[in-house]
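What TrEMBL annotates here:
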DOMAIN    110-270  domain 'Alpha/beta hydrolase fold-3'
ACT_SITE  SER192  active site
DOMAIN    321-385  domain 'Alpha/beta hydrolase fold-3'
ACT_SITE  ASP352  active site
ACT_SITE  HIS382  active site
Amino acid sequence: MRLGGIFLLVALGSFTAYYIYEPIPEEIEERWKLMLTNSFFRTLSHLADFSELVGLKDYMGVMYFITLVEGVVPVSDERVQVTEETFDGVDVVLYQPKQLGSDSELRRAVIYLHGGGWCLGSSRMSPYDLLAREMVTELNAVVLSVEYRLAPAHHFPVPYEDVYRVVKHFLQRGVLAQYSVDPGRIAVSGDSAGGNLAAAVSQQLQQEPVQQVQLKAQALLYPVLQALDLNTPSYQQNRDMPILPRTLMVRFWSEYFTSDKAFFRAMMANAHNSPESASLLKFVNWSAFLPESYHRKYNYSAPAVVHGVGGEGAGMDGPSRSITDPRASPLLVPDATLRSLPKAYVLTCEYDVLRDDGMMYVTRLRGAGVEVTHEHYDTGFHGALMFTVWPTDFLIARRMTDNYVQWLKENL
Ligand SMILES: *[C@@H]1O[C@H](CO)[C@@H](O)[C@H](O)[C@H]1NC(C)=O
Ligand SMILES: *[C@@H]1O[C@H](CO)[C@@H](O)[C@H](O)[C@H]1NC(C)=O
């Protein structure tokens, strides 16, 4: 019996070690911590797959647990006043500096859009809550964290439109005055899918003919920027990298547009482009837009163009149409649209499927004459900035946050 117990323990231990161990590149700091952290994500993902398979709850419904685990109720503290408001029908969490004496100076503002693949995440998660407070105190800024609605319950363009409505509402002179915000010092920012929304909003806003107040800056943290080519060198290199393996990113993309699994399968095979998107492939040509050192080892071949892709939702209103929409894929606009964009900060990570999305945008923005600060983290992985809370706190998250806030300090 005792021997049996020991055997069981050893077997369990080996299984656990085998399960947790993953080949993570040597240069990534705190590798074991990352493996452990990622084993939580992988386990949840397996459970989510299983749950969907047996019809208990859909995949994203289970993955949403991540959001709940880190959930907080944002409350005021001695330096930051926090209120929950509704801007044009959309929930926002508003962080304001507490006034000190007769401080009548106008303040900066940051509109922040959380990540989570348009399907997960919330302003009310501790890493986002902490980041917002830090921006308030470091920048003496008002931070508006937008609680946009999520896919798959609300497919594109609902999450985008929620964000756009909030931004339009906030950028009215009367509203800005109410919060003592300087109309000349407002930035939009976000990480991952939030970076996608931030880039899209920046583009659309400057095309509004009657928009008086414009953004001063956009800060995009490992943003998602295009859905046409899901086999860029970074997608290939980082296929199984924590925290965002390629399968999960493809899943986010497909769920953003449709719940039709045929589209997910087409995207997995990178065979989801239709004749409608074919003419836009030139905007995501990584052979042309990536620095030489990043595409040298890979041979460019354009994604396949397939007729009638996208299952039942195919056609003018289906997902094949949505992937061509720059409000979903901001990389797909011509240079003329990029030219008048506000100055940009783009953060990319080496070990991230989305690295090349960010890098291509940097090349294209610079080519169009936009001022860009590009910070590339050679040892960075996707989502790193969010790992600021014990026990999943990483040194790199601290460095990233400091550099990002410093850029805002100097440029906003
Ligand atoms: C991509 O760029 C390369 C040159 O860098 C060019 O030869 C190729 O035709 C381009 N392909 C597309 C689809 O734009
Ligand atoms: C790219 O093409 C060259 C020449 O055809 C070939 O030698 C090389 O193995 C290819 N590389 C990859 C990564 O497929």
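A Cβ is built for glycine as well, from the same backbone N, Cα and C atoms used for every other residue.
Residue pair SER192 (active site) / HIS382 (active site) shows a Cα separation of 8 Å.
Cα-Cα distance from ASP352 (active site) to HIS382 (active site): 5 Å (rounded to the nearest whole number).
Less than 8 angstroms from the CB of HIS382 (active site) sit SER192, TYR222, ASN238, MET241, PRO242, ILE243, LEU244, CYS349, TYR351, ASP352, VAL353, LEU354, each of them six or more residues away in the same chain. Just so you know, the Cβ of ASP352 (active site) picks up 27 other Cβ atoms within 10 Å once every protein chain is counted. In the predicted model, the domain 'Alpha/beta hydrolase fold-3' (110-270) shows an average pLDDT of 97.
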